[in-house]
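Undergrad: Okay, here's the structure, questions in a sec.
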Amino acid sequence: MSSLPGGLRVAVLSGGDSDERLISLRSGAAVQAALAERGHLAVPLDPALVDLTSVDWTQFDVAFLALHGRYGEDGQVQRVLEQAGIPFTGSDSQASHLAFSKSAAKERFFQCGIPTPPYGLLHCADDPLRVERLVAEIGYPLVVKPDAQGSSLGVSIVRDPADLPQALRRCFDYDQFGLVEQAILGTEWTVGLLDDLVLPPLQIETPREFFDYQAKYHDDATRYHFGENWPRGDVQQIADVAAAACRALGVKGLARVDLRVDARHQPWVLEVNTIPGLTDHSLVPKAAARIGIDFAELCDRMLQACLSGRPPRPHLLQNAFVPRRGP
């Protein structure tokens, strides 16, 4: 596959211009180290610094996506890579675009009979009376979240109507569209998948109201469990619902499904992440390690998944110059 003995030439895309840039850079650095450990040549590419449409992709066997947020998970980068004919990790542009919009994904879940909380879609310019009617239909407590954003940025749980205006302002700081969604009171879970391999469901326990940005990246008090005290059938149901959500969206490669499980042990799908965090402390690597897959092997399996069945790519240049955007 590559002129490197036993390895591939891998473009590792991380950084970008989204609000999740710093997290993406951390993911990219961890991926580069893991791929080097497995004998691959990993070359970092930052879409904030490099015009991806001008890259000579023949110098690479594959692109590894460690981007988060807009122009990373929303299908735009995937479309560029599809047009360039370069294999890449994760879902195609259509599935990525569908999953990145929480409202579009939820509509697909409804169509497929996958449990997801009732919601309404708002625009930042909506009439206050429409907002009031929609909130009355959903009822309190409710969740306010941007339609297209990751890392729980702009998300609030609202229990008191007096707190709603501030929650909406926070949401619209990140997106002109937002969701008001019925809050599912219960436990928080996440399930990682790599195509047909469903990793052990992971229960998240945080002293915060929910698994927000602070809890994900800065709070050492967050604890993780693998359902040791749960009935095996309930944990299996969580895994099954997560897998069904990925099938409904057409998601491929590595993905992570976030869920809430209510007091009746009914799982509810909140969203599907098509490029989950990829540091060695992120949730999916924790679940993979549970079944003996270390971080380097996980990254290698992601490459294998996207290259499966594809013919080798020719290498026209040994060390091609990658053009940078701007003067």
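A Cβ is built for glycine as well, from the same backbone N, Cα and C atoms used for every other residue.
Straight from TrEMBL, here's the annotation block:
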ACT_SITE  Glu20  active site
DOMAIN    106-304  domain 'ATP-grasp'
ACT_SITE  Ser151  active site
BINDING   Asp258, Glu271  Mg(2+) 1 binding site
BINDING   Glu271, Asn273  Mg(2+) 2 binding site
ACT_SITE  Ser282  active site
Undergrad: Please tell me which one of the recorded positions listed here (Glu20, Asn273, Ser282) sits closest to Asp258 (Mg(2+) 1 binding site), measuring Cα to Cα?
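TA: Going through Glu20, Asn273, Ser282 one by one, the closest to Asp258 (Mg(2+) 1 binding site) is Asn273.
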Undergrad: Which one of these recorded positions has the most other Cβ atoms within 10 Å of its own Cβ: Glu20, Asp258, Glu271?
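TA: Answer by Cβ density within 10 Å: Glu20.
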Undergrad: Over the span of the domain 'ATP-grasp' (106-304), how high is the average pLDDT in this prediction?
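TA: Averaged over the domain 'ATP-grasp' (106-304), the predicted model reaches a pLDDT of 91.
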Undergrad: Near the Cβ of Ser282 (active site), how many other Cβ atoms are there if near means within 10 Å?
TA: 21
Undergrad: Taking just the CA atoms, what is the gap between Ser282 (active site) and Glu271 (Mg(2+) 1 binding site) in Å?
TA: 17
Undergrad: Compute the C-alpha separation of Glu271 (Mg(2+) 1 binding site) from Glu20 (active site), stating it in Å without decimals.
TA: 17
Undergrad: Expressed to the nearest Å, what is the distance separating Asn273 (Mg(2+) 2 binding site) and Glu20 (active site) at their Cα atoms?
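TA: Cα of Asn273 (Mg(2+) 2 binding site) to Cα of Glu20 (active site) measures 13 Å after rounding.
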Undergrad: When you measure from the Cβ of Asn273 (Mg(2+) 2 binding site), how many other Cβ atoms are you left with inside 10 Å?
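TA: I count 22 other Cβ atoms within 10 Å of it.
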